[in-house]
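Features of the protein shown, as given by Swiss-Prot:
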BINDING   56, 166, 206, 282, 283, 284  L-histidine binding site
BINDING   86, 92, 113, 141, 142  S-adenosyl-L-methionine binding site
């Protein structure tokens with residue numbers, strides 16, 4: 001069956017975006033970096049380790065829901081096309097593909113990601129395992145290229161892993177509204193959201209005793225050193241995970257052990273860190289069930305199903321246009 005890859009990003013788009021984000025973020029107060037720059041090869045491997053840690057429950061909880069409810073998702077949405085926002089070849093993706101195939105409706109898979117190499121790997125794996133399924137991969141950015149997602153058929157858009165939580169309320173509303181704008185009558189959205197719970201348990205999920213998450217957090221500095229000719233002393237920053245109760249979100253920071261002057265050669269930029277100064281590297285917003293429904297409604301979507309895992313740690317919403 002046909003495989004196509006539509007690349008809407010230039011070859012140097014990722015590098016240019018990194019330059020913009022680092023130049024802007026290092027001059028803010030407090031300094032900050034977007035979490036997408038964690039994920040080079042090393043960072044992706046570290047995150048895979050994180051998802052298997054006993055303290056990190058979200059991946060297991062979401063998979064538990066999908067094992068129990070994928071058939072219900074398939075029956076409720078009656079989709080023939082699975083659009084995966086943030087491509088992957090995980091067990092969770094396969095559970096949904098299998099449910100649609102078992103129902104007899106699966107015709108097309110549309111992985112959407114900013115990373116062309118990830119898309120290529122995804123397309124190859126899915127083509128091998130799901131013969132007869134048309135694959136239309138889209139390489140693009142959520143902020144610019146949602147309109148490039150192929151139309152036609154009944155589409156199930158899937159945004160899992162509580163990745164939506166990396167967006168603060170304003171950008172999150174903009175994203176959901178933009179996504180609803182490209183959906184057509186008959187289309188559905190399956191959205192994964194991590195739920196508000198005991199603060200100590202949340203912090204443990206982002207600050208494991210083995211230090212894997214700390215390595216993952218510091219890796220963003222190694223990425224900048226390599227890609228932008230910077231000289232961060234990576235080991236002179238400590239990982240900090242903190243629950244912000246007012247905003248109901250986990251925040252990850254990097255705290256400088258001592259004063260440090262950093263030169264970013266590719267940007268002709270020099271920045272100073274004071275001892276104890278913290279730089280924000282990720283927010284992970286947590287959600288309450290009613291609030292998720294309200295945010296979907298504000299974007300023009302109607303939630304038709306709501307599921308949680310047995311412990312009530314994680315929620316999946318199925319919403320329709």
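Backbone N, Cα and C define each Cβ position, glycine as well.
Keep in mind that what you see is a predicted model, and the values were worked out from it rather than measured.
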Largest separation between Cα atoms (Å) of residues that the record links to S-adenosyl-L-methionine, namely 86, 92, 113, 141, 142: 22
Densest Cβ neighbourhood among 142, 206 (binding-site residues), 10 Å radius: 206
Coarse DSSP state, helix versus strand versus coil, of residue 206 (L-histidine binding site): coil
Site of maximum Cβ density within 10 Å, from binding-site residues 166, 284: 284
Residue 206 (L-histidine binding site) versus residue 142 (S-adenosyl-L-methionine binding site) - Cα distance in angstrom: 25
Between residue 166 (L-histidine binding site) and residue 141 (S-adenosyl-L-methionine binding site): CA-CA distance (Å): 15
Length of the line joining the Cα atoms of residue 86 (S-adenosyl-L-methionine binding site) and residue 282 (L-histidine binding site), in Å: 17
Cα-Cα distance linking residue 113 (S-adenosyl-L-methionine binding site) and residue 283 (L-histidine binding site), given in Å to the nearest integer: 20
